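What Swiss-Prot records for this protein:
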ACT_SITE  HIS63  active site, charge relay system
ACT_SITE  ASP118  active site, charge relay system
ACT_SITE  SER211  active site, charge relay system
BINDING   HIS63, HIS113, HIS115  Zn(2+) binding site
DISULFID  CYS31-CYS171  disulfide bond
DISULFID  CYS48-CYS64  disulfide bond
DISULFID  CYS150-CYS217  disulfide bond
DISULFID  CYS182-CYS196  disulfide bond
DISULFID  CYS207-CYS232  disulfide bond
DOMAIN    25-256  domain 'Peptidase S1'
CARBOHYD  ASN106  N-linked glycosylation site
CARBOHYD  ASN189  N-linked glycosylation site
SIGNAL    1-18  signal peptide
Amino acid sequence: MWLQILSLVLSVGRIDAAPPGQSRIVGGYKCEKNSQPWQVAVINEYLCGGVLIDPSWVITAAHCYSNNYQVLLGRNNLFKDEPFAQRRLVRQSFRHPDYIPLIVTNDTEQPVHDHSNDLMLLHLSEPADITGGVKVIDLPTKEPKVGSTCLASGWGSTNPSEMVVSHDLQCVNIHLLSNEKCIETYKDNVTDVMLCAGEMEGGKDTCAGDSGGPLICDGVLQGITSGGATPCAKPKTPAIYAKLIKFTSWIKKVMKENP
């Protein structure tokens, strides 16, 4: 029954396939089965990604916040029953205390999405079962290096201009860029708690519905997908990711205080 409900929530073409301020995978490929066992789908009014960092904890983007969530683990295809598939509800969510959903700029006086501190922890209702298709991934212990080869993944749109959910988990290989490259596009909205990643020639990018998913650079989880330009994958418009090394103390504190 819940797969039928999920099918309704994620109906092809629905605008709510991604939340406001979302990041959106284009130019990628179908991930090898069970190659991203820490990847989860976070289902509320929208579709987001997430990362299993502990059997009881998922990290995702703060702008994926909702009053109710379902977390799908061990899935390659969102719409098919699979042997490693698990489902968990969320006991409690913890947005980063310094996250501000919208800001007003002096130039336009229009609210825009602020990607600073765009992280949220989800405490699962019961621990995930660790299997061949469901595994945790460690938090980073070292700064990522500019120029690193990175992999982003998600079930977000594969079309730069349309919000159409991908049935199969998609992967895309991109590079970690200097923050200056994102500053050229997003101006003062880029800070040292963010990572900039993509391809300057365009054609490869995260897209609608990928928010909250992992950015893995040289085999290490370094970022969480936050946001980017619309349409996705345009030249000279890399995407922004939350820089996890800046938040490990907060993550560990929340997990310790909420056993």
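Numbers run from 1 along the shown chain.
Cβ from N, Cα, C; glycine included.
Using a 10 angstroms CA-CA radius around HIS115 (Zn(2+) binding site), the recorded positions that qualify from CYS48, HIS63, CYS150, ASN189, CYS217, CYS232 are HIS63, ASN189. CYS182 (disulfide bond) and CYS171 (disulfide bond) have their C-alpha atoms 22 Å apart, to the nearest angstrom. Over all protein chains present, the Cβ of HIS63 (active site, charge relay system) has 27 other Cβ atoms lying within 10 Å.
A Cα-Cα distance of 19 Å separates CYS232 (disulfide bond) from ASP118 (active site, charge relay system).
Taken together, the residues of the domain 'Peptidase S1' (25-256) have an average pLDDT of 90.
Around the Cβ of CYS232 (disulfide bond), 28 further Cβ atoms fall within 10 Å across all displayed protein chains.
In the three-state DSSP classification, CYS207 (disulfide bond) falls within coil. Nearest Cα neighbour of CYS171 (disulfide bond) among the listed recorded positions (HIS63, CYS64, ASP118, ASN189, CYS207): CYS207. Here the disulfide-bonded residues are CYS48, CYS150, CYS182, and the one ringed by the most other CB atoms within 10 angstroms is CYS48. Taking the Cβ of CYS217 (disulfide bond) as reference, residues of its chain lying under 8 Å away and at least six apart in sequence are, in sequence order, PRO144, LYS145, SER148, THR149, CYS150, LEU151, LEU176, ALA197, GLY223. Of HIS63, ASP118, SER211, all annotated as active-site residues, the residue with the shortest Cα distance to CYS48 (disulfide bond) is SER211.
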